[in-house]
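Trainee: Right, I'll just put the structure down here and ask away after.
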Amino acid sequence: MSTDTKMSKLKQLIQQLPKAELHLHIEGTLEPELMWRLAQKHNITLPFASVEAIQDAYQFNNLQSFLDLYYQGADVLRDEDDFFELMWAYLGKCHEQNIVHTEIMFDPQTHTQRGITYDVFMPGFARAIDKAKTELGVSVYLILSFLRHLSEDNAIETLQQAQPYYSMITAVGLDSAELHNPPSKFQGVFAQAALLGFKLVAHAGEEGPPEYVWEAINLLKVDRVDHGVRSIEDPKLMAYLKQHQVPLTVCPLSNLKLCVIDDMREHNIVELLNDGLRVMVNSDDPSYFGGYLNENFYALVDKLDLTEEDTVALISNSISASFLPDNDKQEWLTRIQQLTQTLRITKHA
Ligand SMILES: Nc1ncnc2[nH]cnc12
Ligand SMILES: [Zn+2]
């Protein structure tokens, strides 16, 4: 079989296998077309002359340069229908890409800080999630994510304001500008969230040092680390992550777009996988980074010679590292194995 045929068969396998996505910011799925349409709907003047000009502005040199545009973009989200449309568009993508389960982060403070309350965005999200469950068969958990450039007191207030919606929320998370905002700053609010029964995740080791990953584990007691790619700089941390099978929700196109790496060929995801860590592929902010989940996988096939075995392991990890109940995980893992046998590219004797 030629290399091209093998690569295209692998891409078919990626498309066809059921997958979970565990690191996705709903505000990061706002496509330029929807941003443009909502700006017109609400009479908002954008600093862009056209949809193409928005797209052209998506050139970043670090996390902060992206965050500036991302928070500005989110300003077009004003009423319940806007949040419905945003969520519904992403869940339609999930259906197209065979993402059967997704654990979605949302940033309440991005909205409450501009006077948009939980009573606006949560019902919009709920409507889209219910519709996707019945019409598309996509299952959704929500992760309330705190903005780490704001204070811990503000995070505590944000957690309290969410109280009427606790039953819709599975976990809390930590995102935004990582450097100079270490996990230790949020120890109190994470302890409160744990007492309330929420699962815990935090971005760490994206731009920040391995020390931040240690803090997320030891001080915040997270169940998963978002990104975590800089863990590779600390052998003791690598050994810990392997021993405890702490999931790292890795986002290849994001790392490339935000200059965490200079070239996809340098990405360490396959190395982390081969070192025995529980890593999987995610899209982070697909509208801004040039691709949804499958496009992230395709980039690895094209640039990192991803094998069939690696692919199946990454996809299986997306299920096993999810917050789904164990019996659901088992069903999906069995389904992945069965389908892999049927669709097998490399035939073994
Ligand atoms: N990649 C990322 N890192 C930190 N905060 C984010 N918010 C949205 N995407 C993010
Ligand atoms: Zn992220």
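Using N, Cα and C of the backbone, Cβ positions are placed for all residues, glycine too.
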Trainee: Going by TrEMBL, H23, H25, H203 bind Zn(2+); tell me which of D130, D263, D275, D284 is listed for that site too.
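Mentor: Zn(2+) site check in TrEMBL: besides H23, H25, H203, the record includes D284 out of D130, D263, D275, D284.
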Trainee: Listed recorded positions are H23, H25, H203, E206, D285; which of them have CA atoms within 10 A of the CA of H227 (site 'Important for catalytic activity')?
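Mentor: Among H23, H25, H203, E206, D285, the ones whose Cα sits within 10 Å of that of H227 (site 'Important for catalytic activity') are H23, H203, E206.
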Trainee: Less than 6 Å between Cβ and the nearest atom of ligand 2 is the rule; apply it to the recorded positions E206, H227, D284, D285.
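Mentor: Listed by sequence, the hits are D284.
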Trainee: According to DSSP, which kind of secondary structure is H23 (Zn(2+) binding site) found in, if we only use helix, strand and coil?
Mentor: strand
Trainee: Along the domain 'Adenosine deaminase' (18-337), what average pLDDT does this model show?
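Mentor: A mean pLDDT of 98 is what the predicted model shows over the domain 'Adenosine deaminase' (18-337).
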